[in-house]
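Asker: Pulled from Swiss-Prot, these are the listed features:
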{"type": "BINDING", "residues": "L8, S9, G10, G11, L12, D13, S14, T15, T16, T17, L18", "note": "ATP binding site"}
{"type": "BINDING", "residues": "C188, C198, C201, C204", "note": "Zn(2+) binding site"}
Amino acid sequence: MKKAVVLLSGGLDSTTTLAIARGNGFACYALSVDYGQRHAAELAAATRIGQLLQVCEHQFLKLDLTVLASSALTDPSVTVPIHGTNRGIPATYVPARNTIMLSLALAWAEVLGSQDIFIGVTAVDYSGYPDCRPDYIDAFEKMANLATKAGREGNLLKVHAPLINLPKHDIIRRGLELGIDYSMTVSCYQADASGWACGQCDACHIRRAGFAAANIPDPTYYQDKR
């Protein structure tokens, strides 16, 4: 069975991506990163999801990006914008986050002898991050094969982004087909310690709209529904 490293945040998209990789016959090795994000409940969700989907191994890395990057996701003094107030790249953008995450996944893939990395980015229903686009994924894959021993020896690495062209409602439908319980996932940028979502940020809006478009009841725990 081929090995794959799957970046798992604990959110809806990364959980669906893990289920897709598993469904495609990969032995999945999950990688979650604590980069100082304020929505730490997402990492607790990642733990539960990794166990439920029976990953072969689950690594948690601590990498404090708060000293390098000012973002609403890492700096409590920066307000998480309410949906609809963003212009251009939002305050929730964490500089180079996906590049850092993919680089860590790449390093572990080399150690494992894996040629496959999965990431749950989408360029359809997203907040405008530059590192969620198809040309970015293609560029990283090219770099990975130029910069690694595996690539130089002809064992080419593939960065899989199976959700890249899917709207949120199709992602949700695909995940449900694979048996995902989305109530276990946390997407909110400012979820509380129990994982209850604010219902106002971009992530909450996109998630809520996705379930509505899929005509499926939203199982998310919202703070205003307590």
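The chain as shown is numbered from 1 upward.
Quick reminder: no glycine exception, Cβ is built from N, Cα and C everywhere.
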Asker: Tell me which of the binding-site residues C188, C198, C204 ends up closest to G10 (ATP binding site) in space, Cα to Cα.
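Answerer: Its closest listed neighbour, by Cα, is C188.
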Asker: Counting every protein chain present, what is the number of Cβ atoms, excluding its own, within 10 Å of the Cβ of L12 (ATP binding site)?
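Answerer: Looking across every protein chain shown, the total is 27.
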Asker: Quick one: Cα separation, C204 (Zn(2+) binding site) versus L12 (ATP binding site), in Å?
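Answerer: Here the two Cα atoms lie 11 Å apart.
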Asker: Have a look around C201 (Zn(2+) binding site) and count the other CB atoms within 10 A of its CB, chains all included.
Answerer: 24
Asker: Could you say which of the binding-site residues L8, L18, C188, C198, C204 has its Cβ with the most other Cβ atoms inside 10 Å?
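Answerer: Selected residue: L8.
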Asker: Secondary structure at C204 (Zn(2+) binding site) (DSSP, helix/strand/coil)?
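Answerer: C204 (Zn(2+) binding site) sits in a helix per DSSP.
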Asker: Relative to the Cα of C188 (Zn(2+) binding site), which of the binding-site residues L8, L12, T16 has the closest Cα?
Answerer: L12
Asker: As a test of the contact definition, list every same-chain residue at least 6 positions from S14 (ATP binding site) whose Cβ is closer than 8 Å to its Cβ.
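Answerer: Long-range Cβ contacts: V6, L7, L8, A46, I119, G120.
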